[in-house]
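**Student:** According to TrEMBL, the transmembrane segment annotation covers A:12-30, A:42-60, A:72-95, A:107-125, A:137-159, A:180-199, A:211-229, A:241-264, A:313-334.
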Amino acid sequence: MDFLADFFIRFLVQFQSPTLGFLIGGMLIAALGSKLKIPNPIYQFVVFMLLMKIGLNGGIEIREANLFAMALPAFFSILIGLAIVRVGIAIFGLLPGVNSADGFATAGLFGAVSASTLAVAIVMLEEEAIAFEAWAPALYPFMDIPALILAIVMANIHMKKEENGGGEVDVNVWGIVKESLRGSALSALLLGLALGLFTNSGSVLESFYEPLFRGFLSILMLIMGMEAYDRIKELRSVAHWYAIYAGFAPLLHGLIAFGLGYIAHLLVGFSPGGVIILSVIASSNSDISGPPTLRAGIPSANPSSYIGASTSVGTPVAIAVAIPLFIALAQIVFDI
Amino acid sequence: MTYHKAKKVVIIAEKMLSEKICRIIDASGARGYTVVPAGGRGAHHKHYTSERASVVDDFATVRIEVVVNNKTTAEEIGNQVVEQCFDKYSGIVYLEDVEVLRPGKFGGK
């Protein structure tokens, strides 16, 4: 009961956090038909700023880190990404009225990782003064890329079987890896990591990226809120199962990651903050680089179903419910 | 100056297809093309223009225009685009009669 009461209080407090406030505010003004528009180049710049800051910060701190300790969490990240897709495809296979291609794509998107959710988690951990390994955000591609590849490979095997009873499946795995690494969010994160690691970028981080981080995050949340409301309309036109899946899957995926993160904590001393980051990236669903990759890899899937499920339900649930849930859970499990 | 008859192919497609479509145009012998951001409403859903942030930018649409000197090349570009791109993705192709100055600037086999 203590846990529930604690979680509930934390949950209410999160609704006063500016981050979540901007998300809800965005939904509200979109619902009211506001003419406020935030242009696309600003959105792309904001994403760049956030990921560059996370990368620089990670790169600077990785210098002193024991990279050997990263191997197990990285391996678990791959495992979680693959498991989410397998479980998602199994769930959609059981549901009536779900187009199989849409199911594969939705499972892939929920296995992939959201850069904005990761940014929110980092801010909330800093607010709670919970320490995490600087390399923890770099677990992102380890989960993201395998999930996208598995979803696209499984979808193509399935389509080939339906068409002509099997045969060779031609999926360009290297092409998917390249597309993912070149995606705007991931390339900013990786560039930041490299710059932080190899250059003396401490001053530019402190004087420019760090002070602007929260402000830019609030703009990103506003955009995500407006987009979430707009996508609900599209989600209405597809099966309701997507909305139900998008509501509970983030929590399930986060719990799987929390369990594996706890094992890594026991075996290699993975920090509680790192476990929270791992859980949050597992519960997040890709919003920037995943959709175009899936659109190219599974063309027969209807984007309204998977993007609607992710943007209008999955991401708000991951930010508003999953992050406070896993922070509260970690505080109780690790007694911090 | 004299104006010469030529054909314009207009293709409206998802932005993520533009690279592939431009390769088809290059292979046809055309000497260039114009790509502009598009927006509006299609059979599937509303496509936004860049005046507003869209989380998934690659689903925005573009309008690709290419002018060639003869009808055969224009039709061939249209056919190739439909065959290679529009079996799985949505988009439209249409031809227009245009009159151009300096026909040497427009290719076509």
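Keep in mind that glycine also has a Cβ here, set from the backbone N, Cα and C atoms.
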**Student:** Contact between the transmembrane segment (A:42-60) and the transmembrane segment (A:180-199) is defined here as three or more C-beta pairs under 8 Å separated by at least 6 residues; is that satisfied?
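**Tutor:** These two segments touch.
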**Student:** By Cβ distance under 8 Å, which residues at least 6 away from the ends of the transmembrane segment (A:42-60) in the same chain are close to it?
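**Tutor:** Distal contacts: 115-116, 118-119, 122, 134-138, 184-186, 188-198, 201-202, 204-205, 209-210, 212-213, 216-217, 219-220, 223, 288.
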**Student:** Look at every Cβ pair spanning the transmembrane segment (A:72-95) and the transmembrane segment (A:137-159), keep those 6 or more apart in sequence, and say whether at least 3 of them are under 8 Å.
**Tutor:** yes
**Student:** Quick test of the contact rule: Cβ under 8 Å, at least six residues beyond the ends. What residues does that give for the transmembrane segment (A:313-334)?
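**Tutor:** Residues 2-3, 6-7, 10-11, 13-15, 19-20, 23, 27, 109-110, 114, 116-117, 120-121, 124-125, 128, 130, 221, 224-225, 228, 235, 242-243, 246-247, 249-251, 254, 258, 262, 265, 272-273, 275-276, 279-280, 283-285, 287.
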